[in-house]
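One structure is given here, and the rest of the page talks about it.
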Amino acid sequence: MALDSGEFRLSCELRGHEDDVRGICICGDVGIATSSRDRTVRFWAPDPDKKNGYVLSKTLAGHSSFVGPLVWLPPSDRFPEGAIASGGMDTLVLLSDLRTGQVVETMRGHQYQVTGLALDDNGDIISSSMDCTIRRWRKGQAVEFWEAHQVAVQAVIKLPSGEFVTGSSDSTMKLWKGRTCLHTFVGHADTVRGLALLPGVGILSASHDCSIKLWTLTGQILMEMMGHTSLVYSVAAHSSGLVASGSEDCFLKIWRDGVCVQSIEHPACVWDVKFLENGDVVTACSDGAVRIWTSHGDRISDPHALEAYAVELSQYKNSRKKVGGLKLMDLPGLEALQVPGTINGQTIVIREGDNGVAYSWNSQELKWEKIGEVVDGPGDTGNGQVSDGVRYDYVFDVDIGDGEPIRKLPYNLSDNPYAVADKWLLKENLPLSYRQQVVEFILQNTGQRNSVPDPSLRDPFTGSSAYIPGEPSFSTVSAPKPTFKHIPKKGMLLFDSAQFDGILKKISEFNTKLQSNMEQKPLSLSELELSRLAAIVQVLKDTSHYHSSSFADADITLLFNLLKSWPLAMMFPVIDTLRMFILHPDGASLLLKHIESGNDVLMETFKKAMMSPVQPANILTIIRAVTNLFRHSFFFPWLQSHCSEILDGLSNCVPTFNKNAHLSYATLILNYSVLLSELKDKDGQAQVLSAALEIAEDANQDADSRFRALVAIGSLMRNNRC
C-alpha cells in the first residue's frame, strides 16, 4: 500500500511493561503482542474509544526469566481468539491461549535461551536457541531437532515457499528445507541478529557489524545499508518497500532503496521493530515503552504528547551528556556555589540547565567567579561531518601515499578508536600493522589523550559482560562450545576499493599504444567501445544502486574480448575492471552464466596471467579478482573445483610477488579456509593448510600476511577439532 510522503512521527505510546520491551508480534488486525524482560507477554487490542490507540487486553505470565521472541497463531477451532507462542531465557517455549490468558503448552528441550520463533504452514512451531539447535514442536512435543550452526542461532524466519532461514553468531545465515541446508549466506562480519522478508525481493538481515543487508535466496547481496553506529538488533519490511531497523545506538531508522530517509532517536536501546499493515512502525524500547510511529497526518499524536516525548528524550540525552569528560547529570547544581572554596583558584564545574559551567574560588573576595562553559574540545559542537550519508563528529582525509587515493576516515567521539581503526583498515584493505598509527592519529586529532573502553557498555543480549563496539560480541550465557576472538574465521574478506579513474586512464593509454602499432591496431578499442567501457565503470562506481542497476550482454562481451586479445603487459587494468565487475550482483550473474555455458573466461584469464614472463600487476589483480568471487555463494562450486589449480599456479609464482601480492594471496587462502571448512572438503583443506603454513613459516613475510595465514591455520584446525 502507498504511504504518505511525510516523515514518521509519534502516533501513540503503550505503557505497561515494567522493564525492557524485547519483542513485538503483529497479530493481524486484532492487536499487538509484546514481550519483556519483566517476564511477561502483553497483548494490546485496538482502543474502541481512540482511533489510533491501543489498550492492554491481556497479560500473559509463565516465564521465569525475560521473554524474547513471539509468534502469533491465528484464530482456529482450538483457539477462537488466537494464541501466542513465546520463547524465554528460561529455555522454554510457552503457548498461551489469548481467550483465557492461560499457558496451554510448555515446550521443554532447549538447553539455553530461546532466540527465535516461527510458525510452519501446518501449525508446527519452529524455535531457535543459543544451544545451536532448531526444534520443531507439534502439540507441545518436539518432533525433530538438529544442530543448525556450530555457535548460537539468533533468529529464524519462515519463507512463503516453506523453507526457513536462520541467522547465527557465526556471522552467517542458512537456508533450510526441512533439516537440509540448501545454502549458506556469507557476508556479515559479526553476529546476524535479526531477519525479515522483503516481499518479492529477498531476505533482510540485521547484524552486530552495524549493517543491514538485502540478499537474494541464492546468496547475492543486493544492497547494504550502513548508518547505525552500534549493533543492529532488528529489521522489518513493508509491502511499500520501506525498511525499518532498530539498534543499540537508540535509533529507529527508516530506509528507502537502501538510503536512510529518517532517523528517530529513542530514550534507550531499540530492541525490535515491526510494521503494521497500514505502514505504521512499532518499536520496542529498553525504557519499557512500546511506541507506534506514523507517516499519516491524521494519526499523529496530539501536540501535548509530542511535547512530552521531546522532553523525555531531552532528559535522556542530558543524562548521557558529558562536558569536559564529566557526565552532566552527575555534576552538582547551583547549590554547590553556597559552599566556600578551600584554596584560592580552586575550580569546580556545576550544572546550569543543559550546560556545564566552570567557577573559580576567589579567596580575597570570598566568592566563586564564573570562568565559562565547559566544552569537550574541537569537533564536539554537534554539527559534525558527513560520510556515506552518515553524520560523524569527524571525517578525516587520510593520505596513504604511493599514489593511493585519499581515504575518508569517519569517527565519533563515543567510539572506541581501536575498533574504528580495525574496521577501517579492513574496509580499505590496508595492513593491520597501521593500527596503532591510525589510533594515535585519531587521538591526536580529536584532542583525546587517553582512550579506555566505556565501562557502561554491556553485552547487549544479556546486559551483563563488558562489550567493546566493533568487536565480535557473544552472550555470557555458558555456550555449548568455546569461542575464540579470531578463530574460526567467519565471513569473507574482499577487495572492494578501486581507482576507477586510474583504471580508465591506463586502459586509454594502452589503447593509444595499440592504435599506433600497425600490427596491434586491430586489437584497439573504437570510440564507441571506449564509451561503453566508461559506462560500465560508471555503473560500478554507483554502489548505492547495485540492487537495481544491470549490464547488457555486450558489456561483458567487451570485457571478455579485451581479456582474450590484449597483450600480457596490458591486461592488468582490464582484470582490475573484472575484479569490480564481480562484486556487482548482475555482473557476477552474467559471468556465471558464461562459465556455465562453457565459456570460462575467468579460468582462461587466470592461466594467461600465470604465463611467463610473469607480470606482477597481472598477478596482483587476478588474485584479487578470484578473491572477490567469494562474495557470491553461487561461485563456491567453481572455487572449490578449481582450488588445487589456483593454489598450485599461484604457489609457483610466489617468488615474483610484491608485498601487496603476498597480502592478497594470504587473503585468498584465508577465504578458502572458511569455504572449504564449511563444505567439509578434507582434501581441499589439506592443500590450503599447506599453503598457509608456507606463508606463516616464511620469516621474510610481512606481519599482516603471516597473521592472515595463521588465522587460516587456526580456523582449519578449530573447524576440524584438531
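Here the Cβ of each residue, glycine as well, is placed from N, Cα and C on the backbone.
Automatic prediction, not curation, is the source of TrEMBL annotations.
Since the structure is predicted, the reported quantities are computational estimates derived from the model, not experimental observations.
Positions annotated as domain 'PFU' by TrEMBL: 360-456. What TrEMBL lists as domain 'PUL' is 485-722. Residues or ranges marked as repeat 'WD' in TrEMBL: 14-44, 185-217, 225-255.
Secondary structure of the repeat 'WD' (14-44) per DSSP (helix as H, G, I; strand as E, B; remaining residues coil): 0 helix, 19 strand, 12 coil.
For the repeat 'WD' (225-255), DSSP puts the residue distribution at 0 helix, 18 strand, 13 coil. When the repeat 'WD' (185-217) is classified with DSSP, helix, strand and coil residues number 0 helix, 20 strand, 13 coil. Distant neighbours of the repeat 'WD' (225-255): 1-3, 8, 191, 193-199, 204-208, 210-214, 261-275, 279, 281, 283-284, 293, 388-390, 412, 414-415, 460, 469, 473; these residues of the same chain sit at least 6 beyond its ends, with a Cβ under 8 Å from one of its Cβ atoms. Within the model, the domain 'PUL' (485-722) shows a mean pLDDT value of 87, rounded to a whole number.
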